[in-house]
Each structure stands twice: as C-alpha cells, then as structure tokens.
Amino acid sequence: MLVHATLDFPGWGDPNAPAHLHVAPEYLEQAYEKTATPNVVTAVLADYRSYDTMFETAVVFSAGLACFFLLRVQSRKKEEEEEEDRYFRHLATDMVIRIRTPSMHVPDSPYLQQLDPYWTPRSLIVRAACRVLTPFIQLFALYVVAHGHHSPGGGFQGGVILGASLILVALSHDLRTSMKMTPEKLMGVLSPAGVLIYAGVGALCVAAGHNFLDYGALAEWLGTAPEAARSLGILFVEVGVAVCVMATMIIIYANLSSAGGHKQGL
Amino acid sequence: MNQYPAFLIIAPLLAACLIASAAWLRRSLCFPIAVLGLGTSFLSSLGVAARVLTDGHFQYRMGGWAPPLGIALEVDYLNAPVLVAVSGAALVSLIATRQIIEREQGPKAPVFYTLMLLAVTGMLGMTATGDAFNLYVLLEISSITGYALTASGDRLAPLASLRYLLLGTIGASFYLLGVGLLYMMTGTLNMADLSHLLPALYGSDAIFAAFLLILCGIWLKAALFPLHAWLPGAYSHASHASACLLAPLMTKVMIYVMLRVMFTVFTPAYVFEQISLEGFVVTLASVAVVAGSLMALAQRNLRRMAVYIVVAEVGYMVGGAWLGNQTAWTGAILHLLNDVLMTLCLFLAIAALAGRMETTDFKNLKGLFSTMPFSMGALVLGAMSIIGVPPACGFFSKWFLLKGAIEAGRFDFLAALLFSSLINVVLFFRLFECALYSGDDHHGPGEHGHIEIHEAPLSLVASLWAAAAGILAVGFYSGSIVNNFIKPALM
C-alpha cells in the first residue's frame, strides 16, 4: 500500500513540490530580515520552531535521566568496594600493588594511583594523542556552538562534540579519571540546567510582556534592535542546548559503559 | 491573562528541571517544587477553560510567530476540558503517590518526580498544540519518560517496559511517517493549515496512506485491541505510582489526539464520506470492548483486572468516535473525560489496597470493607461509574454512546457495550463479595467486636476521595459540560 501511495508523491527533486512552495519561500525570504541570522536552518530551528527545539532538548534530558534512573547503582557501592581486591600503581616505579584486606586503609597519595580491578595496560601513544587532541576538539565544539548562526552547526552538534571529547578521555584513560574531571553531581545539575536555560530565556520573554520564546522581547534589556535580539536569543538557547546535550552524553556513557557502577568503564 | 496556555505547559517543564537540579543540592525541596509545578499547571488550565467559555477558540503563538510559520497552541472547546482533566488528575496522583515513591525509590525519588512531571508536560503539550509535528515531539517526551516510569516496579517490570518501548516506538514512528507524508503533499505541519489544504487532495492515495499511518500509530499508543499487547504488562508490573499517573492519562490523551486528527486535520467530511472505514473500525471497537471485558473476567488479580478494563474502555471511545453522529461523538468525548476520573479512582484505590498486602489477588482481599472502609468506599464509587450506574459520571457517557449506536444502526456495538457493562457488574460484585466477607472461619458472626481499621496513608486516601468526588461532581454536572464544551466543540 505504501508503494502504491508513492505513485502520488511529487517528483524527486521537483522544485514545484508542495513542500517547497508553501512555508519554505517565506522562511527563505524573511528569515534574515526578521531574525538577523544568515543561516536559515538555524533561524527556523531555534526561532520559528523554537518551541519544538526546546522539547527536543527536553527529550535528550529525559533520555539521560531515564538512563540514570534505570541503571545507576548507588546503594551497593560501598559493599562492592569492600569485597573486591584493590589495585594501586606506584607511579614512579610502575609497580602494581594488590591489597586484599578490605579493612586496610590506603591514604590518598600523589605517588599511588588506584586502578580498576580488570585493569589492562594502556597504550602511552593513545593516551598522549588523546590528551593533545582533546583541547582542540573542545575548542572546535565551542566554535560550532557559537557559529551556528552563520554556518552549519549549533547547540546539538556542538554539545555532541563537547561530550565526545570528554568521552574520549574516558576511553583513552579510564572512567575513574574522567569522572574526576566531570563529576556526576556536576553533570546531573548541568543536564537539567541546559533545559532550564532554554525555558528560562522563554520565560524571560514572558516576563518582558511578550509571548513565550519571543526573543524580540529581550531587545530592551540587551539594548539592541529586536532583530538582533532574536539573533542573540538564538545564541542563548543554543548554549542551553549544548550544555544539556554534553552533560546528558556523559551521563549516558558513564551509566551504560559501567552498568551503573561508575567504577569500570569500557 | 493571556499567558495561561504557556504556563500550563511550561510550569511542569521548569519544575522538572528545577527538581533534577535540586536533587543534587537540596532533596527536601523536590516534592514541593513538583506540587507547585503541577498546581500552577492545573490553575492555568482552569484559566484557559474559563477563557474558552467566554471567547471560544483562541490561539497562543509561541515566539510570536504566526502559524504556519511558527508553532501555535490552539485551545478550543474540545481540548480545554481535556487539559483540565489531565492536569488535575496528574496533580492528584502526584500527591497521592508521594509515600509510595519515597518508599520504593529511596534516593532516586527526585528523579521519579522529574520523570512524572516531564510525562505530564508531554501530555499537556500534545493536548494543547496546534502543530502536527510538535505533537510528535511531545509524544516522544511522554513516551520516553513513560518507558522509564513503567520500568520501575516488580521483577517483570523491565521486561514489560521493553515491550512497551518497542511497540510504542513503532507507534510513534507510524505517526511520524504519516505526518511526513502530509508535509510532502501539502508543505505545512500546522493542523488548521492542513485542514485548509487537504480538501484539494482528498482523492490522493498518499493522503489516504498518511491517514492510515497516523491512525495506526495512535491506536498502537492508545492500546486499541488487538494493538494493546504492551498495556497489560506495562501497567500491571510497574510501580503503583507510575500506574496511577500513566493508566488514567496516556491512553486518554492518545484518544484525544485521534479525535483531533479526525475532526481538525482531516475533517469528518473526509473521514466519513470520502473513505468509508467506519464500518470496519466500529466492528474493531466492538471486538475490543468484548475482548477487553472477557480478559478482565479471566483475571484473578484486582490489578490485572483493572488493566484489561482500560483496554475495554479504549474500545468504547474509539467506537463512539467512529459511529459518526453527534450523539456518539458527545458520548466519546464525555467518556474520555469520565474515564480519566474513573481510571484514576480505580488505580488509586488499588494502590491504597496494595500498600497493605503483598499482592492484590482476590484471595487477599477478604474482609477489606472492615479494615479499609474508606479506600473500599471510593473503589465502590469508581466501580459504579465503570459499570454505568447513575449518578456516577460513567452512566451519562455510556448513555450517549448507546443512543449514538442506535442512531447509527450499529447494534453490534450496542450489544458489545451492554455485554461489557454486564461483565463489569460481575467483575466488581465478585470483588465486593470477596471484600465484604471476612472469610475468617475461626470467628463466628458477632465475635469480631473490634476490627482494627488499617487504612492507607492520609494523603493517598484523601486524593482517592478527591477522585471519587470528581466522579460524582462530573456526573451531576455532565449536562452543563455537554452544553458548554462538547456541543460547541462539535459545531
């Protein structure tokens, strides 16, 4: 039946197809004038249909939350640590010490590094390469977020790149190291905060007497023309999207790769 | 105030984000924030309904963009009462299930609140939106959170939730595919705009395919027999807190979406004149009603019985919507509102009973009228409404449905409705028989001088009675609901 229905479709690449004739021309003609945003896709995504995008961000947030809710194991953490042998590496000599007595306390020391129970030796090359790459990836991510107005990019893409750079750390080092850089608590706060930034910008517009997400309302506070305010509004919400996507990626990775234990990654 | 429609949807979203942050900083704030969010939402829905009563249909433009360029919320006589019902039921079930959530979830309770609020956001958004794609996005939110909520429960809950996830995703994809076809053929996603552009294309096969895809997607999410396979497991294994929120709301919101698609996107002129599916769909609905009732009869557990009653009720509403006359439509819409209350009352009562026993098998229910008189009293009211005894609200909607079936000459649907009502009588009186007699053979009659009343927590019983009182109130005022909302909606 679906195949039969395809007979009624407009021609492939037909410039006169209804999809290109109804709202699309208006977007193309007016988007720059009204939102001061050269990238029409961004204007449609984050201004005309901004309400949709806010909920897309909320979908990402709920996915991370669902993952945390279903997988994270919190209560058994202490017991497990007591049951298992602990491994420490003496950094100067590269010697590995195994501690079997659960009660024995090992002080935090700059010379000792705790290892995962199923620790495998890591490649120095991979680690060094990733350490060099990570800052550049992050810089690029920020560029993608900030430059969404002018070139392909925006909050979702930038957030994913940012999250991926941190996951790279987890892959090349280990989950423990990366969880030290991105503590669970911080990510847990940042993920809803991203949605909060988005919805908060919308709520500010309401406070300024306009409709929800009508960024033109911010013109007075920002001291710019309404069009420029729309452009800035898009940037604000894109930052919110990026924060949410980055934090959610890390939450999902940490929970999925360690089955909720946050001890042993991939 | 003009901003009510925005508050209605944004308040629970903001509250959800705040709770998720507060969970890491100050846990004691989480529940008050949740109540505040849903309370604001409920009050806004009342404001919206009041405005609809005075002004009729109105639009709220998101971002100030006029549709079809931007997205607008459209509130009219059809969805205003649904919004009130959904936000009210969500608030009641949040307050009712607090103890259950705190006990079952422990440190993860704030996450559970967040998921609940996001699910409600999605449902309210689906009800209020005037954009076919926006509806899909919100469907995603309420689905994803719904999967997570149903996955917490007894040992089988994750499995049931996985099945729900697979089937639900298929349903949502069908809907999306249908909307995609509509966009390709018309170039717009706005519902009102679609209804203007579609009449020129009514003969097209692609439009027909789009209609069928959307319908199948909705029916899967609404659990219309035989697409109901996910529902019994998902709602009977899930935590009582999730079941109390999702069972009354999710299927009902999907029925509303079906009505919206039939009445606004495609007009009755297309649905009933251009294509003639109504014969088939009403037969399907009759089968759903009968099958749901029979499966409920086969259960030996109160909770599983309630789940199959939900399946049968979906058949009522789908049948009413497709009978194709004003009376039946009135019945379907009224039944949608009533069913929110009835199912809420039923599931809250079950949660109250389950808090005091291991399982809700019938054999455990003995003597409950004496030990839990308040919960059982509310359950009786809910049962009366489901059976269709006046003055409970279920009677009135069933009456309209029966009259509609006679008007349409569909005596098979009529027979199915009457059959299901009789089965409901058997179901509940069997239950009450169990609960009335103590079954304790060691005591003779008159020997149990002091029976200890061992009720569920106060917040749960109070909310349960709020739902039961709602059943009576909607029953008494069903005339004015029909005259003020449903009749203008069908004009």
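The backbone N, Cα and C atoms fix where each Cβ goes, glycine too.
Those TrEMBL annotations? Automatic predictions, nothing curated.
The transmembrane segment annotation in TrEMBL covers B:6-25, B:32-53, B:77-97, B:109-127, B:164-186, B:206-231, B:243-263, B:275-298, B:305-324, B:336-355, B:413-437, B:458-482 (among others). The annotation domain 'NADH:quinone oxidoreductase/Mrp antiporter transmembrane' is assigned in TrEMBL to B:131-423.
Between the transmembrane segment (B:6-25) and the transmembrane segment (B:243-263), the number of CB pairs under 8 angstroms, six or more residues apart, is fewer than three, so the stretches are not in contact. Within the chain carrying the transmembrane segment (B:206-231), a Cβ under 8 angstroms from the stretch's Cβ atoms is held by residues 139, 143, 160, 163-164, 167-168, 170-179, 181-182, 184-185, 198, 250-251, 254-255, 257-258, 261, 266, 270-271, 275, 284-285, 287-288, 291-292, 307, 310-311, 314-315, 318, all 6 or more beyond its ends. Long-range Cβ contacts of the transmembrane segment (B:32-53) within its own chain (Cβ-Cβ under 8 Å, at least 6 residues beyond either end) map to 1, 4-5, 7-9, 11-12, 14-16, 18-19, 22, 75-77, 80-81, 83-84, 86-88, 90-91, 94-95, 113, 116-117, 120, 124, 484-485. Here the transmembrane segment (B:243-263) does not lie next to the transmembrane segment (B:458-482) in space: the count of CB pairs under 8 Å, restricted to residues six or more apart, is fewer than 3.
Of the two recorded stretches, the transmembrane segment (B:275-298) lies close to the transmembrane segment (B:413-437), with three or more CB pairs under 8 Å once pairs fewer than 6 apart in sequence are set aside. Within the chain carrying the transmembrane segment (B:77-97), a Cβ under 8 angstroms from the stretch's Cβ atoms is held by residues 8, 12, 34-35, 38-39, 41-42, 44-46, 48-49, 52, 56-57, 113, 116, 120, 123-124, 127-128, 240-241, 244-245, 248-249, 252-253, 256, 259-260, 263, 333, 336-337, 340-341, 344, 348, 351, 459-460, 462-464, 466-467, 470, 481, 484-486, 488-489, all 6 or more beyond its ends.
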